[in-house]
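Enquirer: First the structure, then my questions, so here it is.
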Amino acid sequence: MNTTKKTLRALTYLTSLYTPRVHSLHRHRHHDNLLSVRLFSAQTQERQDDSDDSHLNNSPDSVFDSAQFSIPDAPKSVPQQPTWDVQHRQRVERAFFKNDLQDRYFKVDDEEEERRRRVLAKALLEAALEGPDEDVDPDQEVLEENQKSLSVGIIGAPNAGKSALTNFMVGTKVAAVSRKTNTTTHEVLGVMTKGDTQICFFDTPGLMLNKSGHLHKDMKVRVESAWSSVNLYDVLIVIFDVNRHLTRPDSRVINLIKRMGAEANHKQTRILCMNKVDLVEKKKDLLKVAEQFKDLPGYERIFMISGLKGSGVEDLSKYLMEQAVKRPWDEDPFTMSEEVMKNIALEVVRERLLDHVHQEIPYGIEHRLVDWKELRDGSLRIEQHLITGKISQRKILVGKNGSKIGRIGIEANEELRSIFKRDVHLILQGRQCNVIVPSFPQGLTLKDQSEVSY
Ligand SMILES: Nc1nc2c(ncn2[C@@H]2O[C@H](COP(=O)(O)OP(=O)(O)OP(=O)(O)O)[C@@H](O)[C@H]2O)c(=O)[nH]1
């Protein structure tokens, strides 16, 4: 499969992450409301004369227009690993584990949200530049009557390794990074399509138990709705960090494992995954843990895996493939919707913004897609506005003689061209206004807004 197809495949995961969808019988309603909580909008906006400093906003320095630059060919090198992840992960770990405060689990602050965006943008680029994927041959269409599907829910404590495992199976980092823990009860973590079989992995982040294994009172409504849908998955993977279990057993996790394995569910296959086996020094300790849970009738199998390093994952994937049932696929493996492309355009600029502008500034910037047009020659004209609340922020964003916004624009343009595999005419405008208007005017749909002409 060539790079374009790989990219399309990666983007498909995003479609599934961003697009609320109603699934029938074995499918699930997503409450993913990622877009509406962002500071930026994927919808084209009517221009508003909201600036109180129009001479500044109209200054040529504040506009980057890629038409004025010759953008070099996109680099072909393998992208580097993100460097910020470890630091943020440690912070999240501290928040989730060291303080045993349940409500910390649901707090995703701006910085963390920003981290997810950064990783998302990076992952998109990586997916776009990744090498061929031998597993999927897009030229070989699988007829609907031959398609097999499986929905797999993954449940476990924070940091048990749900995302890492899905990433390993699905084969891209995209799935992991755009999740938002505190607003959703069900999210597609990733989609794996191999031959005639498609497996959709779902996360259930709203699920938490208190120490005695019961629902936490404060979150009852959210948590109950998450619990009520857990049974709908064909397969439920209960995953836990076995290394942590051996060193610092967590009663909530033990209760979760016991509760899910207490009785067999004839409509659902449940399996237990002892994750992070690579961290366990004495391998015979693993047997002790397996022994501890072996009598639970609800689990058909216990797998010992390392979702990160991959040991045992092949067996697990094979097992899941065997569970798939004749049912048409939920996800089209190769479509890239315009909506997804618009989001990518925003993500890429956002990432560049974070690279070039001091950390605190981007949080206060309203980031809007103002215009999106596919031109006759196939190229894309993309106009985005970066609106700051203070003149001082705007000055930082624009830089001396427009140097900063220019840098952001050039790099973003280059990346977008590489991802979309076509010419991109990117226009970025740095603006300032005192009152930042909401990104999502009520009652306007995506279509309504993209039809606004300028
Ligand atoms: N050594 C090792 N580390 C792992 C493994 N699986 C996950 N991790 C690490 O554990 C941390 C948490 O992994 P995630 O996959 O993000 O866990 P999660 O369950 O999705 O976490 P939440 O998003 O908080 O729900 C990350 O730092 C991973 O790199 C594993 O098999 N071995």
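Each residue, glycine too, has its Cβ placed from N, Cα and C.
What TrEMBL says about a protein is an automatic prediction, not a curated fact.
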Enquirer: Among 84-91, 156-163, 308-315, 332-339, indicate the range for which TrEMBL gives the feature region 'G1'.
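Expert: Of the candidate stretches, TrEMBL labels 156-163 as region 'G1'.
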Enquirer: According to TrEMBL, which listed range is region 'G3': 115-118, 171-174, 195-198, 203-206?
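Expert: Checked against TrEMBL: region 'G3' maps to 203-206.
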Enquirer: For the record in TrEMBL, which of the ranges 147-150, 275-278, 415-418 is the region 'G4' one?
Expert: 275-278
Enquirer: How many of the residues that make up the domain 'KH type-2' (357-434) does DSSP mark as helix, as strand and as coil?
Expert: 33 helix, 27 strand, 18 coil
